[in-house]
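Shown next, in structure tokens, is the structure this report addresses.
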Amino acid sequence: MTEPQGPLDTIPKVNYPPILTIANYFSTKQMIDQVISEDQDYVTWKLQNLRTGGTSINNQLNKYPKYKYQKTRINQQDPDSINKVPENLIFPQDILQQQTQNSNYEDTNTNEDENEKLAQDEQFKLLVTNLDKDQTNRFEVFHRTSLNKTQVKKLASTVANQTISENIRVFLQAVGKIYAGEIIELAMIVKNKWLTSQMCIEFDKRTKIGYKLKKYLKKLTFSIIENQQYKQDYQSDSVPEDEPDFYFDDEEVDKRETTLGNSLLQSKSLQQSDHNSQDLKLQLIEQYNKLVLQFNKLDVSIEKYNNSPLLPEHIREAWRLYRLQSDTLPNAYWRTQGEGQGSMFR
């Protein structure tokens with residue numbers, strides 16, 4: 001099995017001291033920060049598109065003016081301010097006059113609109129000519145698609161327990177197509193939300209693994225350096241290599257790997273040059289290589305799932321959202337299977 005290609009390279013277990021240098025540590029640290037920063041920009045852009053439709057969040061907020069209150073005490077109030085009429089004061093007579101003017105203006109515009117009203121065919125042509133390529137393709141597919149006439153008529157006759165006419169069948173066929181389209185659109189939105197949440201989970205994993213990689217590499221690098229003065233000059237950065245990592249008790253694999261990594265990070269024998277210290281360094285290199293493979297394997301991009309099929313969970317969640325949004329859909333009592341009214345067994 002080929003190893004996943006990525007921005008980071010593994011450390012060989014043989015002849016590794018020449019690789020573990022200060023320059024390698026800072027270049028790898030910079031690479032990890034750069035990858036996480038690019039992923040952060042991508043995640044922020046995706047979340048912004050999901051929440052605001054691509055517009056800036058600041059444009060959706062109402063900017064309230066900031067008032068500066070004077071804390072000086074007023075000893076005497078100005079007499080003119082008591083009898084002063086407030087600005088922009090509107091009296092009932094002004095409101096009635098404004099409503100009368102608006103009514104006359106609307107009547108005039110209504111007469112003009114009736115003369116300039118386009119025919120239905122002209123409106124349809126105007127709509128089609130102003131669609132882009134993607135919208136035109138979707139419109140043509142939706143316009144040509146129709147539900148099966150026989151199945152619609154059979155289903156309606158079964159529910160109504162009578163033969164339905166042809167015009168009712170055409171009406172139910174059109175309404176059913178619109179209803180199915182709304183459910184599918186909601187299912188696509190649900191799928192996009194699920195993919196976005198998975199993207200956030202992958203980003204959190206990559207951030208956590210990147211933080212561990214910097215600690216492991218720093219611990220390995222400074223365990224090789226013997227010059228104490230040189231070590232003190234570069235060791236005081238933002239990466240606490242002796243800080244243990246947290247884990248969850250219900251995740252056995254993560255608990256085992258994190259416990260082993262914490263014991264290696266907090267070990268004082270790495271600074272020595274005996275056989276035990278070499279074994280600890282090899283174990284730390286092995287842990288580092290595992291994290292490198294995981295870091296390279298993670299991908300926060302969700303564009304590769306754009307053409308993925310809809311799942312039953314998406315349709316089920318879309319149906320639930322549709323019922324909440326419409327708030328007028330009656331309960332399907334005929335589907336009840338004994339838990340509620342038991343109408344299916346009557």
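Every residue gets a Cβ built from N, Cα and C, even glycine.
Of the listed residues (Ser81, Ser103, Ser236), Swiss-Prot tags Ser236 with phosphoserine; the rest carry no such note in the record, though that does not show they lack it. Here the candidates are Ser56, Ser238, and Swiss-Prot annotates Ser238 as phosphoserine.
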